[in-house]
Structures are given as structure tokens and as C-alpha cells.
Amino acid sequence: MDKKAFSMQEKIIQSLGELREKQPLVHNITNDVVTNTTANALLAIGASPIMAQAIEEVADMVGITNSLVINSGTLTRSSLESMILATETAHNLDKRWILDPVGVGATPFRLTSNKQLLEYKPSVVRGNASEIKALFTGANEGKGVDSSSSSESTLHFIQEKAREHQLVIAVTGATDYVTDGYEVYQINNGHPMMARVTGTGCTATAIIGAFLAICDTPLMAAVSGLTCLGIAGELASMDCPGPGSLQLRMLDELYRLDQSTIQKFEKVSNLRRSCH
């Protein structure tokens with residue numbers, strides 16, 4: 001069957017199977033708060049994480065891994081230097097990478113640093129609505145890293161910026177939106193309790209990074225990653241007493257995720273909007 005003729009659901013199922021078969025090496029330069037959680041989530045879904053940030057080896061690591069994840073949550077001058085070298089190397093090698101500009105609008109240092117990273121052409125940028133707006137406009141609409149903006153009012157903006165920068169933008173929140181500037185996908189999987197677990201967004205970024213290594217397009221990688229994590233969070237929340245249990249259960253559900261689960265719970269729709 002022609003791959004193009006597959007439904008989005010079939011493509012997600014196929015992508016997950018391919019990820020588990022190939023077990024891609026995913027290089028993470030991420031924040032100190034979520035390193036363990038991120039690595040475990042990647043292992044659970046079937047990828048192989050490498051958590052290396054020493055400037056002496058990041059270029060070599062980018063060369064031997066299949067994709068790169070950059071997360072600026074606990075940014076320092078030292079980590080920024082490693083991120084710049086890693087992203088420059090990925091760009092030169094034409095290797096896909098994803099940027100998570102955590103709290104980008106909170107300080108001038110974060111904004112300047114993330115804009116510098118953006119110059120090395122990530123395949124995907126993932127953040128909440130206020131982070132995405134801050135990254136591309138410099139305007140900060142919220143306090144802290146989990147501030148939200150009206151996703152509906154953001155749709156035209158993210159399409160415009162995705163086309164301008166030739167990348168995929170994934171805005172996560174109560175509802176997730178993914179666009180390459182032309183197509184827009186809405187993902188309604190997930191559960192409100194996921195927002196009470198630190199690093200859930202960072203985990204989403206890492207999982208998208210894993211799919212970047214095997215999917216045909218960055219758009220497909222972003223939709224697949226967010227759908228898989230959303231379904232895992234949804235299932236993990238059932239009869240869950242609180243956030244502590246949810247974090248562990250999400251790992252279990254990522255590990256257990258299969259074709260029948262995706263067929264039953266996937267809630268992805270194509271909004272088919274065009275950017276004018």
C-alpha cells in the first residue's frame with residue numbers, strides 16, 4: 001500500500017512500530033530537572049537516549065546519533081555553548097533536531113540564547129503558546145514557564161512563522177496544535193493532571209525528537225510524538241490518585257502503547273487551514 005494513502009492513525013501506528021524496530025539514538029542536551037524522566041520516557045517508548053552535554057564531545061555525539069533534542073530549561077553559559085556547537089553541527093550534517101525554548105520570554109538571556117539557537121534551523125520547535133510567541137516576537141505574555149495563551153488566536157501566527165522559518169511548530173496545552181505552515185493538526189489527547197507533573201512538556205519534546213529520527217517528515221514526527229504521549233497520559237490518569245503516580249504510570253503506558261490502543265484512543269484532526 002502506498003504510504004501516502006495511509007490515514008494519519010495508520011501513519012502514527014506505522015511510525016511507532018518503526019521507532020521500536022530501529023531504536024534510534026537520541027542525543028539530549030536538556031535541563032537538570034527532567035534528565036532522568038526524559039531518558040526513561042525515551043527508553044519506554046523504544047528509543048535509546050544519550051544525555052551528553054560536555055562541549056568536548058557534543059559534536060562527536062551529534063555525528064553518531066540519529067536526532068538531537070535541545071531544551072533550555074536550566075540554561076547556563078556553559079550549557080549554551082554546548083547547545084550552539086551541537087545545533088551548528090546538526091545543521092552542517094543536515095541532521096534533524098528539535099528546540100524546546102523553556103521560559104524563553106522570562107529573561108533577556110533566555111530570549112537571546114534561544115534566538116541564537118533558532119539560527120541553526122531546528123526541524124521542530126515545541127512550546128506552550130506564550131513561549132512560541134515570545135520566541136518569535138520577543139513579547140512575554142506570562143509569568144513562569146507554564147503560562148498559556150489562547151491557542152485559537154495563535155493558529156494563524158504559528159502558521160505564518162512556520163512558513164517564514166521553514167520549520168514545524170508544535171504548541172502544546174489543553175489542546176495541541178502542530179503545523180508546518182500549510183497543514184494544521186489538532187490533537188485532543190491527554191489529561192489535565194499532566195500539567196501537574198514537571199517535565200511533561202520536556203518529555204513531549206524528547207519523544208518528538210525520537211520520531212524525528214524515523215518519520216518521513218518533521219510534521220509527522222510532531223503529530224506522532226504528541227499523540228503517543230497524550231494517549232499515555234490519558235490512560236495513566238484513569239483512577240490515578242495524583243501527579244506522583246501519574247508520572248510513573250505514563251512510563252508504563254508509553255511502554256505498553258500498541259496498535260489497538262492508538263486505534264481506540266487517538267484524537268487527531270486535520271484543520272486543513274491555509275496561511276494567507
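Cβ coordinates are placed from backbone N, Cα and C, and glycine is handled just like the others.
Quick look at what TrEMBL lists:
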BINDING   MET51, GLY199  substrate binding site
BINDING   ARG126, THR172  ATP binding site
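Non-local neighbourhood of THR172 (ATP binding site): ARG126, GLY127, ASN128, GLY201, ALA204, LEU226, each in the same chain, at least six residues away, with C-beta under 8 Å from its C-beta.
For GLY199 (substrate binding site), the Cβ neighbour count at a 10 Å cut-off comes to 22, with all displayed protein chains included. Of all the binding-site residues listed (MET51, ARG126), ARG126 sits in the most crowded Cβ setting, with the most other Cβ atoms within 10 Å.
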